[in-house]
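Colleague: Here it is, the structure, as structure tokens.
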Amino acid sequence: MGVDQPLGENIITTSLDSLVNWARKSSIWPMTFGLACCAIEMMATGAAKHDLDRFGIIFRASPRQADCIIIAGTVTKKMLPVIKTVYEQMPEPKWVVAMGACACSGGVFDTYSVVQGIDEALPVDVYIPGCPPRPEALLYGLLKLQDKIANERNSFGSSIGLGERLEPAA
């Protein structure tokens, strides 16, 4: 049994987009940015009862290791430059989740010091409403983010086949 023997039925063919999107959606590493009471619900979501690890979601403490940021709570204008800096430190591709009424729309705080929705500063991919949203809502929002990632179009070209011989470039 050598490498040259035909593989028969054991060949997998897929597009590179599908393969990369499957890997990205199956390993979301969010950075937590808890600013208010929503952070408590985010911690509860990461606990054993909801077990985000089974979906490949592992919280990271460093923006350089994260590909998603969860903005949970009230964003003040004084905190906004810090959030932008953290977002810029994240590698591409990156996604933003707005968790809670305050992060989505400013909540009940209609004052000069509160940002009326984080989407004024960052491109938000998923909004999770509630004050504060329950852990089930955050889990649902992260699953919706996985669906969005699975359907993204990348800049990769054709399909690849595992088991195909690739000729060296001349």
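Glycine residues also receive a Cβ, built from the backbone N, Cα and C atoms like all the rest.
Annotations for this protein, taken from Swiss-Prot, read as follows:
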- Cys37, Cys38, Cys102, Cys131: [4Fe-4S] cluster binding site (BINDING)
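Mind mapping these onto the model and telling me what they sit next to?
Modeller: Spatially close to Cys38 ([4Fe-4S] cluster binding site) yet at least six residues away along the chain are Ala72, Gly73, Met99, Gly100, Cys102, Ala103, Pro132, Pro133, judged by Cβ distances under 8 angstroms. When secondary structure is read from DSSP and collapsed to three states, Cys38 ([4Fe-4S] cluster binding site) falls in the helix class.
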Colleague: Could you check the binding-site residues Cys37, Cys102, Cys131 and say which one's CB has the most other CB atoms within 10 Å?
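Modeller: Compared across Cys37, Cys102, Cys131, the most Cβ atoms within 10 Å surround Cys102.
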Colleague: Neighbours of the [4Fe-4S] cluster site Cys37, Cys38, Cys102, Cys131: Cβ within 8 Å of the Cβ centroid, same chain, sequence order.
Modeller: Ala36, Glu41, Ala72, Gly73, Thr74, Met99, Gly100, Ala101, Ala103, Gly107, Gly130, Pro132, Pro133
